[in-house]
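Asker: Below you'll find the structure I mean.
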Amino acid sequence: MAAIVVLFCTLIFSSLSFFGNALSSNYYDKTCPNAEEAITNAVKNAINNDQTVPAALLRMHFHDCFIRGCDASVLLKSVGKNTAEKDGPPNISLHAFYVIDNAKKAVEDLCPGVVSCADILALAARDAVALSGGPTWDVPKGRLDGRVSKATETRSLPAPTFNISQLQQSFSQRGLSMKDLVALSGGHTLGFSHCSSFQSRIHNFNATFDVDPTMHPAFAASLKSICPLHNKAKNADQSLLTTTKTKALVSKFASSQEAFADAFVKSMIKMSSLNGGQEVRLDCKVVN
């Protein structure tokens, strides 16, 4: 008699949460032991040719995790009538996707169908920081790749115009603390802020003030010299200095590289452990 194959499918409903024990730093030790080396080499090669790659990969990972969790949905292309995350307004400026493509190809050559794109992106972001002279850390692995990607959902990403209350709400909705907010904001040291991100705060702020009165006058003057009205300079956020708690953290991290590195690593691991968004996932097992 032929074997009877029974397919058990369990519907798993998940909101934005943490993978928790589902992730492991040695997840691929037996199935793809050289995966991390292959990913690191791909990132290193890209950085050698383009110094903007580290900031791009770190930002890409952040934008991925803040929408539906760290599921690589930011990598998916728009298809048919569906506009994907990568084509949403906040993500138009994301770049260096080719680095993930190259890393994926290298890993697939070693062990086809084993390592998720979500894990590759998380590892590439870590490598981007480490290869730029920042701290390194063991990345917990075992993320699943998402199949849903909607540009409309990118509206929930924290905007560069957010004040501290809005930033805190955005992070707390994802289980991230005020300390995580300040530490992860330190990731911007890898890149730069466009003048357009804060232009409205240093020129013609409102009918009463030309400059946002919450900004330190000297800092505002410095920004105005770098970003004059109607200028498009790119070599130039102060929201973290508007509360006592965040200002104290900024000062602490600015005065101690060790304190910042420790907090940044912990917050990166925490953020990169955000579980896939509000969707239905099929977990199917075949039993003979």
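Each Cβ is built from the backbone N, Cα and C atoms, and glycine gets one as well.
Reproduced below are the annotations present in TrEMBL:
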| type | residues | note |
| --- | --- | --- |
| BINDING | D64, G69, D71, S73, E85 | Ca(2+) 1 binding site |
| BINDING | H188 | heme b binding site |
| DOMAIN | 22-288 | domain 'Plant heme peroxidase family profile' |
| SIGNAL | 1-24 | signal peptide |
Asker: Can you tell me how far the Cα of D71 (Ca(2+) 1 binding site) sits from the Cα of the residue listed as 'heme b binding site', in Å?
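Answerer: Between the Cα atoms of D71 (Ca(2+) 1 binding site) and the residue listed as 'heme b binding site', the distance comes to 22 Å.
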Asker: Measuring CB to CB from E85 (Ca(2+) 1 binding site), give everything in the same chain under 8 Å that is also at least six residues away in sequence.
Answerer: H63, D64, I67, S73, V74, L76, N91, S149, K150, A151, E153, T154
Asker: Inside 10 Å of the Cβ of D64 (Ca(2+) 1 binding site), count up the other Cβ atoms and send me the figure.
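Answerer: That number is 29.
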Asker: In whole Å, how far is G69 (Ca(2+) 1 binding site) from the residue listed as 'heme b binding site' when you measure between their Cα atoms?
Answerer: 21
Asker: Among all protein chains shown, how many Cβ atoms are found within 10 Å of the Cβ of G69 (Ca(2+) 1 binding site), not counting that one?
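Answerer: The Cβ of G69 (Ca(2+) 1 binding site) has 29 Cβ neighbours within 10 Å.
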Asker: Identify, among the binding-site residues D71, S73, H188, the residue whose Cβ has the fewest other Cβ atoms within 10 Å in this structure.
Answerer: H188
Asker: In this predicted model, what is the average pLDDT of the domain 'Plant heme peroxidase family profile' (22-288)?
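Answerer: That region's mean pLDDT is 88.
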